[in-house]
Amino acid sequence: MMPILSMIVLIPLIFAALALFTKTKEQARVVALAGTVIVLLLTVYMYFNFDSTIADNQFEELAQWVPSLGITYHLGVDGIAMPLILLNAIVLPLLVLFTWNDDRKSPNKFYALILATEGAVIGVFTALDFFLFYVFWELTLIPLFFMVSIWGGPNKHKAAIKFFIYTHVASLVMLLGIFGLYFAAWDMTGTPSLDIPYLINQFQFIGSGLTKDMIFLALLFGFIVKIPSFPFHSWLPDAYTEAPTAGSVLFVMLKIGGYGLFKVMLPMLPFTASPNLMITIMAVLGSVSVLYGAFLALSQKDLKRMVAYSSVSHMGYVTLGAAGLVSLSVSGAMFQQFSHGLIMSIMFMSCGVINSTTGTRIINDLGGLAQKMPKLTVIMVLTFMASLGLPGLTGFIAEVSVLAGSFVNLPMYVIIALLAIVITAAYHLWALQRAMFGVYNAKLGTVTDINVFQTFSMGVIAILILYFGLHPTPVFDMMMTNSEHIVSLMATMGV
Amino acid sequence: MDIMLLAPELAIVVTGLAVLLIGLFLPTDSKKVLGYLASLGVLVALALTVSSLGTEATLFNNTVTIDALSQFFKIVFLVVSLLFAIAGIKYTEGHSNTEEFYALGLFATIGMMFVASANDLMLLFVAFELASLATYALAGFEKKNAKSLEAAMKYFIIGSLSAALMLLGISYVYGATGTTSIPDIAANSGVLVSSPMGIVAVVLLLAGFGFKIALVPFHMWAPDTYQGSPSVVSALLAAGSKKMGIVAALKVFVVALIALKADWQIAFAILAVITMTYGNVVALKQTSVKRMLAYSSLAQAGYITMAFVVLTPMALGGGIFYALSHGFMKAGAFIATAAVGYMVLSENKDSADPDHIDNFRGLGKRMPITALCMTIFVFALAGIPLTAGYMSKFVLFSSTIQSGFVWLAVIAILNSAISLGYYAKIVKYMYFLPTDSEKVSEPFPYTLAMIIAAVGVLVLGFWSEPFIHWAMEAASVLITGGM
């Protein structure tokens, strides 16, 4: 059988190198489209050959790399990773199409960075060896850093550095956690190994409770900052807002923090010395993020900044659902990642379009855009509704599963999060009303609607939001299988 | 005694003398051939060393030993020397003193190689001085360049002082134990432990080696010397001569004076922390790339010094592996600055600051190969995954955590995070800042040397298993030798 996982990781990286050598925008975008479409086709093939009834890793590839340190080349996907790979594979070609007619400096580097990010992110989702995992984890940082610092807004340098330092320090703490786990297991068994499933399994046999908690917290910190969750979210609004539209969409595709939570943290959670404390930490961070992010979003003047803060709020559901620890809340949290990826892509694309045609993103300076931009308005309204949780769209399914599921174990925190629902509806509708409807603000000059490429890419994503909102099973089933597996682990430990 | 055991050393000596002699009879414009000859000689020595891997022997009444450790470091020195020789072909072009340049470089190499195989403090000291004297002269090779002369003078004065301190330390050790043979000192070190002489000797030796390895606060000479010397020579100093200090310190402290571990272990810990932090923080605001690399070199020495604190086979192996990686990364980076300096000077003869970071603007367009190689080197120095630098840090830092020095590892990891700041700056200048200057042709010898170094960096990063294994073997020589 062909090594399909290696291919979906390497093809974007190879095409990134190819894109670097192109001379014109026309060549660069074709290379980027070709690379992302090949990945999409392979991923679709993989999806249809994926068995969503088992929680095991599939399409595994294993080769020795540095045996004396226990480093292997080990790839595989399970029901946690598969939907996220699918999300990346679907959105990235559409993102390339979205930017098809844009004029910017150094298009070759621009498309190379998009492709490199895709390869690195899919690498994180497929790696089953901590060494490889960390390599890809760090690799996601570099293209995004350059993306912000080259094509970003007026405060790009500050935003890029802040993002870089914040998440780099977090990954180093995570690295310490990985080392702790690695050596604890090495001491017990006498053989080094960095294999992720193996180390997660060994975690329960570590003798010292303190060691276990330290390892758990170090890893948790690394993931929580990437998600990001309150109080480590302050890099996000700057980075998301200053990044160019494509960069913001790539940030949204970067679901590696939540992925780590499900893949690494939850299976280890029942074996920590104080699981209830860990659950409380995650529940507090999650519910506070939901509420606090919503309040911050409400007070923003800049549309893109509002969307960025709404992202903090929505990602709070992921942490909360993970802490909920019943299969409904965990799979709801996984689905929230998927849904959030789709919704936010359109949100940021809309902000980008509005900014480039009107020259401003300040909500009060806009007004009545619906008259001039009907196509954009249709798509935007649908997405805003999805984002605030209208039934029939993806956001609803994710948030209801999280809230209903978590209520079993964490009623107090769910109530905190519930308060946010009203505020969420408020800032979405208020922004929509001020920016898109009402009287057209004549000072904006000539405003043009989205072009055919933009309509296509945003339209396809909008259709997917509707489709998965009405019929989530294609991805929800595999998430459910994996969350049931995780929850059954908890049950054996009586958590 | 089998003289073939010394074949690599002999090859270097013969080449050095031959270069010196032939150079006398050649007109200046055909002296290029000396560079090829020297490179060939080093290549032969390298081949001879590689072919004799696994040999274990002692020679000359136990003063010279050939084992995994000495072989490993000999290869480090020969690799650096090879890069030096190849890059030198371009550097010495049209220079009337070409033969001296190569002869001194080769003699420095031979000194380093004997330090690696010394089993006796007298031989170690003499070899150390041979290498040092040759490099003092090399640092001042540009006789009409005030900076180069300053570099050489500073290096010479401080180097002599450190040699004196070292010799004094050795004499204390000799006075107490009655021998200069390293294994015999280890066997008799009980005398040193019970007498205050032991402490005095440790302090003196620590200062002596501290100067050579450029540990803070014995580092004052290093930035000036690395900046002022010709870049190709800086490569030899930072990548070769510094490793000589490390292998000598390994032999003296970890083998001979292991009984005094309690006295020097904590000292090394403090020196390591100060050195890496100072090096990284000061490097952040340098505008001269060579000076930045000099400070980064301090920081790297700080990391390697962690091996002296942890002292497990894995940590020592990690330190030794790091020495090899650093040889490639640092030599490569300095040669890249040499190439840029050459470009700047060929455009404008009176350029005051050929190594200023502004000259790296738009290098990705002007000198694509140099820029790509430099990117690989600085990313490796920063410890970006899949390069030699990352694997070295991985082994060294993780062994530090394994032995319970978590605080030391945390400081080292934070330092790596800081260091990314200035390494990324170089990359930013090369690829992201605009320039209106034209593309220039890249001088072939520099390019060749850089490509060899870059391939080395990548091979060590991707296919590390045999090298790590080999470094561990070298480390086991230290451990068993000391027991």
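Cβ atoms here come from the backbone N, Cα and C positions, even for glycine.
Just so it is clear, the model here is predicted, and its values are computed rather than measured.
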Range annotated as transmembrane segment - as stated in TrEMBL, picked from B:153-177, B:253-277: B:153-177
Range from B:71-89, B:101-117, B:153-177, B:444-463 with the greatest count of C-beta pairs under 8 A to the transmembrane segment (B:197-222): B:153-177
Long-range environment of the transmembrane segment (B:444-463) - Cβ separation under 8 angstroms, sequence gap at least 6: 35, 79, 82-83, 86-90, 324-325, 328-329, 331-332, 335-336, 338-339, 342, 369-370, 372-374, 376-377, 380, 385-392
Spatial neighbours of the transmembrane segment (B:101-117) far in sequence, C-beta under 8 Å, 6+ residues away: 8-9, 12-13, 15-17, 19-20, 23, 34-35, 37-38, 41-42, 64-66, 69-70, 72-74, 77-78, 81, 84-85, 88, 91-92, 95, 123-124, 126-132, 134-135, 137-138, 141, 236, 240-241, 243-244, 247-248
